[in-house]
Amino acid sequence: MNFSLTISLFISYVFLSAFLEITLGARIVPADIVLLLIVIVTMLTSIKKRIISLPRIFVSFVPLIISLSISVMVAQNKISALFELAIMIFGFVGSISIYNVINTLSDSQLAKLLLGYTYSIGVLTLLCLIDFFFLPGLISSRNLGGIQGPFRNTGQAGSFFVVHLFIILSLYVTRLIPRNLINAVIILMIMIALILTFKRASILSFILGCIFYVCFLIFSNSRQDKKLGIVSLLAIGLFSIFITTAFFFALDNVEQASSRFSYKFSSDVVDGFGDGFIAENIKSSLNAFTDSPLFGVGLGNVSGVYQFHEIHSTYFGILAYGGIFGVLTYLFFVAHILGGAFSGRKWRKTNKWAAFLFILTPFILAMFVAWGYTYHLRKREFWFLIALIALAINRLRISREMKNIG
């Protein structure tokens, strides 16, 4: 595929994946149209070359698809279950397509694409901050007290920012994008935007990610890792000054920001855990699991039966929707994600993609904490992350094979 077309589709998809309030039908957003184009281009290219690459990390997701397909057959509302499964499969196929498109690029082309990706997230984040602080309504539809941007709500914004923050941080640390002031400012802006969503799960994931990351490095046997850990700790301290300043400025100057923060982090919220939203999710998922323990009740079959909304947690959602087989096949997929991430540890000093996987590992562990509250399997940023992990694993494999041949 022409490189100009590749980078245009790639960056358009990343940028438009934030604009979730612009719908072209039930749940179709502009990013889905771009992703469909990427899928079509990948299919045409694969037919022409008679080959498509399907890394192990993608293959490991197939058992979960099969399990959830069986759940459709036993679901009360089969149409709803089938529709939700189709959304998940589309994200999965889209991720495979993104991987196949960018995997054909040369190292120099890939470097340009990753830099373009970083800049696109930077521009989007800057627009969100301008909208929040200075020009309300620029790209947001209403004032929620926290950063909404072009997303439907602050929760989607938080999930988006934390995933892309961890990706860009890993690219920056491993020099897959330049370590310069512009990229450092982009990282700082994303951190500020993430904090100002006031979404507890995403903020907790961010804090844990920083802790895990520093611990990974400082407690490493490598002197180079220890040095990087200390430098990173100092950088986090410096960034925290800017983040704190922006945070208190928002509380004092942005309408409803103070009340939003008080609501999300008050002691009453913690005290009300036992009879609140999370408790209802847990109760509903356990009831659904009890009714259908082997294959679950099917995707989209909790709302209107066990509670008003669908399960707002990946883990309890898998338990309810997929039952025992769903849980086992999901854990199989997770094992391959973590296995792929940890595979970079041995060669991190000699290969940038191995280093990327190594640096990304503590952030992935932190994201799994946030995914306990959100439902990540249908989120676009999650499947984008999986495509990059698959790319890193493959680039590392090719590099090792070339050295063995040499």
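Quick reminder: no glycine exception, Cβ is built from N, Cα and C everywhere.
In TrEMBL, annotation is done automatically, which means it is predicted and not curated.
Since we're looking at a predicted model, the values are computed, not measured.
TrEMBL has this to say about the protein:
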| type | residues | note |
| --- | --- | --- |
| DOMAIN | 186-331 | domain 'O-antigen ligase-related' |
| TRANSMEM | 26-45 | transmembrane segment |
| TRANSMEM | 57-75 | transmembrane segment |
| TRANSMEM | 81-102 | transmembrane segment |
| TRANSMEM | 114-135 | transmembrane segment |
| TRANSMEM | 155-173 | transmembrane segment |
| TRANSMEM | 180-197 | transmembrane segment |
| TRANSMEM | 203-221 | transmembrane segment |
| TRANSMEM | 228-251 | transmembrane segment |
| TRANSMEM | 318-342 | transmembrane segment |
| TRANSMEM | 354-376 | transmembrane segment |
| TRANSMEM | 382-398 | transmembrane segment |
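With a threshold of 8 Å between CB atoms, the same-chain residues lying at least 6 positions outside the transmembrane segment (203-221) that come near it are 158, 162, 165-166, 191, 194-195, 197, 228-230, 232-233, 236, 358-359, 361-363, 365-367, 369-370. DSSP places the residues of the domain 'O-antigen ligase-related' (186-331) in helix, strand and coil in these numbers: 111 helix, 2 strand, 33 coil. Within the chain carrying the transmembrane segment (180-197), a Cβ under 8 angstroms from the stretch's Cβ atoms is held by residues 118-119, 121-122, 125-126, 128-129, 132, 146-149, 154-155, 157-158, 161-162, 164-165, 168-169, 172, 203, 206, 239, 242-243, 246-247, 250, 257, all 6 or more beyond its ends.
Mean model confidence of the domain 'O-antigen ligase-related' (186-331) amounts to 89 (pLDDT, 0 to 100 scale). Long-range Cβ contacts of the transmembrane segment (318-342) within its own chain (Cβ-Cβ under 8 Å, at least 6 residues beyond either end) map to 56-57, 60-61, 63-64, 66-68, 70-71, 284-286, 288-289, 292-299, 301-302, 306, 311, 357-358, 360-361, 364, 368, 386, 389-390, 392-393. Within its own chain, the transmembrane segment (114-135) has Cβ neighbours under 8 Å at 7, 10-11, 14-15, 18, 147, 149-150, 157, 161, 164, 168, 171, 176-178, 182-183, 185-186, 189-190, 192-193, 196, 249-250, 253-254, counting only residues six or more beyond its boundaries.
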